[in-house]
Amino acid sequence: MLPASHTNTTKKSKSRRNINHFTNVRGLPSIEKIVRSVEDTPKPISTQITGTIPEWINGNFLRNGPGKFEIGNHEFNHWFDGMALLHQFKISNGQVTYKSRFLSSDSYQTNKEHNRIAVSEFGTVTMPDPCKNFFQRFLSRFESHKPTDNANVSFVTYKGDYYVSTETNIMHKVDPETLETLEKVDWSKFIAVNGATAHPHTEPDGTTYNMGNSYTSKGSYYNIIQVPPNKATEEETLEGATVLCSIPSMDKTKPSYYHSFAMSENYVVFIEQPIKLNLLKIVTGKLIGKSISDSLFWDPKLNTTFHVIHKHTGKVLSIKYLAKPMSTFHQINAFEEDGFLIIDLCASDDGQAITNYNIQNMRKSGEALDEVYNTLCRVFPRRFLLPLKVGRDTPYNQNLITRPNSTATCVRISKNKVFCTHEDLHGEDLHEYGGLEFPQINYAKFNTHPYRYFYGCGFRHLVGDTLIKMDIHGKLMKVWEHPGLYPSEPVFVPSPNATEEDDGVIMSVVITPDKDKSTFLLVLDASTFKELGRAVVPVNIPYGFHGTFNAKA
């Protein structure tokens with residue numbers, strides 16, 4: 001495979017659509033088996049250990065992602081649509097067992113019952129029941145659009161309980177031991193929101209913050225949500241959740257899409273990016289067979305806006321921090337230092353990637369697969385510095401960042417607006433690995449604080465094909481890679497009595513599309529980034545999204 005070119009100029013294809021090409025990679029291997037349906041394995045099975053799994057690791061490594069891509073003769077269109085499959089790697093005394101279970105969501109049960117796709121997903125619209133007559137099918141197009149509860153994105157915790165989440169208003173409480181679905185929980189029964197992200201932030205005391213949209217007669221709003229740390233009764237779920245503040249969308253009928261947000265010790269940061277949701281299209285889409293993904297669009301004429309909210313008062317800072325148009329799915333960390341709010345995130349200069357991840361594209365091979373990859377803009381780690389004190393004496397039209405060695409800038413351009421440019425959190429060598437996504441840190445100790453290391457997947461393919469450790473001091477990289485192996489999001493687990501930030505292990509589930517039933521759990525020494533051991537699972541597992549480690553005392 002030739003190395004990716006990374007010039008800033010984008011070439012235009014000869015097609016009428018003027019598709020941008022960001023790289024010129026040739027000869028990508030097929031990964032179609034990464035998006036194949038599998039059966040679940042609800043009873044624990046043994047794994048084959050090579051090397052050593054440290055004996056101090058004691059708990060469940062939980063993963064979430066799509067596991068079923070067709071129902072009967074009907075196929076889902078988009079990677080994000082597959083039925084949620086929950087995975088557990090139980091680690092104890094250097095041994096690992098594996099189990100998996102399909103989430104018993106309403107979507108899953110309804111689809112199973114009808115043996116067809118009966119509930120619409122992000123990129124797939126349900127077709128009317130063929131058993132109904134024409135008039136009944138016509139009427140079914142006008143039925144209210146019920147959001148999916150196919151929570152296939154992540155495992156999250158609220159008040160010490162485990163939930164699986166997508167981006168609608170429905171989550172499911174699950175048992176981390178059995179992976180059984182315990183209870184369906186609807187955000188809108190507790191607060192006035194139409195959904196919430198699958199990436200909440202949790203304080204050391206257990207207080208959790210999240211974000212969700214609401215749609216009213218006055219327009220769209222972005223809401224900062226706070227959930228208390230403790231339960232008053234055992235059966236409690238989201239009782240006590242409050243909306244800390246509501247921020248009106250700049251365009252009432254076209255709010256920005258967001259997948260996550262940033263949080264520092266005192267602030268929540270919402271990034272309003274130029275990936276837009278056309279609400280009118282979403283409402284009318286069902287009538288003409290269009291999915292939610294058809295209602296997403298990228299508007300590069302718009303700037304990106306950082307909204308900063310004080311966590312303890314719910315007040316939004318009057319200063320708006322602007323940046324050039326960018327797309328961001330995952331933040332790395334955020335902290336306050338020297339009067340600045342420092343935000344590290346993974347971002348790209350184009351926001352059309354999400355619609356390219358349809359299953360048909362991921363199953364392509366040869367030049368058609370190369371074409372899909374080359375039209376995806378690479379994602380890189382970046383740092384923004386937002387000055388928190390902008391007042392009467394703050395000068396205009398000059399760089400407000402005086403920190404040594406920082407190439408980021410912020411310039412006051414009007415009374416309440418500061419324009420920011422980023423600093424790259426990487427060297428040139430990251431271009432060779434296709435950028436970086438799925439970032440993780442030593443969250444328990446260093447989230448909202450100054451830190452040194454983050455971990456992620458390199459993307460020389462449509463999915464991660466390397467694991468990367470980035471040292472922000474000197475922007476140095478360590479890489480784990482093996483041809484034909486596709487590691488998923490790295491999760492950091494600290495060792496007992498750790499004194500250093502990177503004292504612990506990195507866990508990642510590695511998918512092997514070229515070999516049958518040889519997926520494995522990889523354990524790396526987080527400090528040296530050398531392999532310690534792996535646990536090979538004798539079943540096939542599709543490439544998933546996010547995971548977490550549920551430590552046992």
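The backbone N, Cα and C atoms fix where each Cβ goes, and this holds for glycine too.
Per TrEMBL, the features are as follows:
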- H199, H259, H330, H546: Fe cation binding site (BINDING)
Can you name every residue in this chain, apart from H199, H259, H330, H546, with its Cβ inside 8 Å of the center of the Cβ atoms of the recorded Fe cation site?
V153, S154, T197, A198, S260, F329
Can you name the residues of this chain that are 6 or more positions from H546 (Fe cation binding site) yet have a C-beta less than 8 Å from its C-beta?
R63, N64, G65, V153, S154, F155, A198, H199, F438, E489
Mind giving me a neighbour count for H199 (Fe cation binding site)? Other Cβ atoms within 10 Å of its Cβ, every protein chain shown.
20
Please list residues from the chain of H259 (Fe cation binding site) whose Cβ is under 8 angstroms from its Cβ, counting only those at least six apart in sequence.
E167, T197, A198, H199, T328, F329, H330
